[in-house]
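*Asks:* The structure that follows is given in the form of structure tokens.
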Amino acid sequence: MTRYQILTLTSIASVNFSSMICYSILGPFFPKEAVKKGASQTVIGLIFGCYALCNLMGSLVLGKYIVQIGAKFMLISGLFVSSVCTILFGLLDKVPDGATFIILCFIIRSVDAVGFSAAMTSSFAVSTKVFPNNIATVLGSLEIFTGLGLILGPPIGGWLYQSFGYEFPFMALGCFLFLMVPFNMYILPSFDADPSKDSFFRLFTRLKIVLICFAIFTLSSGLGFLDATLSIYAIDTFNLSPGYVGLLLLGLSLPYCLASPLLGIVSDRFPSTRPWFMVLGGLFTATGFWFLGPVPILQIKSQLWLVVFMLGIIGFSLSMTAIPTFPEILDCAYENGFEEGLSTLGLVSGLFGAVWSFGMFCGPTLGGFITQQLSFEWAASVQGGLTFLAVCIVIINVFYIVLFITTRISDTLKNRYSRHLVLAVLGPWSPTASDE
């Protein structure tokens, strides 16, 4: 790699790691603290969900205007906003219980989401800009640092919470995120580009992109559902401490972290495997959610080893489905006349972030509601069914494409066979090669 590429990769890796470790610390202990402050399971789901909803809106706007704002400035300002909001979130245990606590949770999480969307949208676009021929490989490699953030966040957050109380995890990791601001100001190169006239609406006119977006939605909704509900379920069912809940979440993050680079390399070298990765990954994800509870109609008793094993299956299958989606959307955009440049990369990054965030909103919101009204087992079953629906739609699309290509090849062969038959019958009266 060139020095330019090394500096960019280092910068984006630091952004992915620091942002995800601050995002993931809430899982082991915040839902329980929010219950003490008077929040219901549905409200907790909405607190997690509002983050995703604001991330959605931020991704669309910032992805559209990434060229005008500047990719480097967007990334650095997003880190700064997220670091300040993380520190402020650690002070919420000082506010009164009830409505005041809930309202401030919504406000701080919403602003934090906009900062996070700025950093993530810029990082996706910049990575693809600097490594145009190895998109899946680079994104898969960067997911190591995303996975490390997801891996270390829950156990570190749970341990700091048990040892020092509610405030310390947010203060420590918020300051760590703040240190990434001057670091990235120094090492991240600047990027110049011209704005284009393309839009998100034009992207959504392609059926293939819509189907891939639905697959992305099911993935992120599953992760959002686990963020909002798994810790309470594990504490109530298995009597685990917040620290052990953080370790439990390793079963989800570690397989994702380890599998992403390999799947990225395979996806780049064999692009035709991408749809089948998405299909197989979706099937494994659906199976993982069905046995996570497990489904009540199976009458299987919930056991800790089964939960850990299913989280591992879900983590691995998420990487199978998620890694091919971004390069597939980008290839489809280029095939349909989008200009190659930072502006299109910003649109695709913004679309990816927006769809992911919409899933992260629906997952905790719907999952929290179903958990409160029925049970965690039924909520996980619904999530598995949603993923299976996405798999069925992708399979239908893949077979339609295969059938279309096969029909075209068959028609071409028939035409060639007919032409050769005519030439054989005419013999010496057949046209010359130039006439044919």
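Glycine is no exception: its Cβ is also placed from the backbone N, Cα and C atoms.
TrEMBL labels come from automatic prediction, so no person has curated them.
Taken from TrEMBL, the feature domain 'Major facilitator superfamily (MFS) profile' applies to 8-408. If you look up TrEMBL, you'll see 7-30, 42-61, 73-92, 98-119, 131-156, 168-188, 209-235, 241-263, 275-292, 304-323, 344-366, 386-406 marked as transmembrane segment.
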*Asks:* So which residues does the transmembrane segment (7-30) touch in its own chain, when a touch means Cβ under 8 Å and the partner is 6 or more beyond its ends?
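*Replies:* For the transmembrane segment (7-30), the far contacts come to 1, 48, 75, 79, 82-83, 86, 116, 119-120, 123, 126-127, 130, 138, 141-146, 148-150, 152-158, 161, 166, 169-170, 173-174, 176-177, 180, 183-184, 187-189, 227, 230-231, 242-243, 245-246, 249, 253.
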*Asks:* Run the contact check on the transmembrane segment (209-235) against the transmembrane segment (344-366): 3 or more C-beta pairs under 8 Å, excluding pairs closer than 6 in sequence.
*Replies:* yes
*Asks:* Taking a Cβ cut-off under 8 Å, which residues six or more beyond the ends of the transmembrane segment (168-188) line up next to it in the same chain?
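*Replies:* Apart from its flanks, the transmembrane segment (168-188) reaches 7-8, 10-11, 14-15, 18-19, 21-22, 25, 29, 72, 75-76, 79-80, 82-87, 89-91, 126, 153, 156-157, 160-161.
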*Asks:* Which stretch, 73-92, 131-156, 304-323, tops the Cβ pairs under 8 Å count with the transmembrane segment (275-292)?
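*Replies:* Comparing 73-92, 131-156, 304-323: 304-323 has the most Cβ pairs near the transmembrane segment (275-292).
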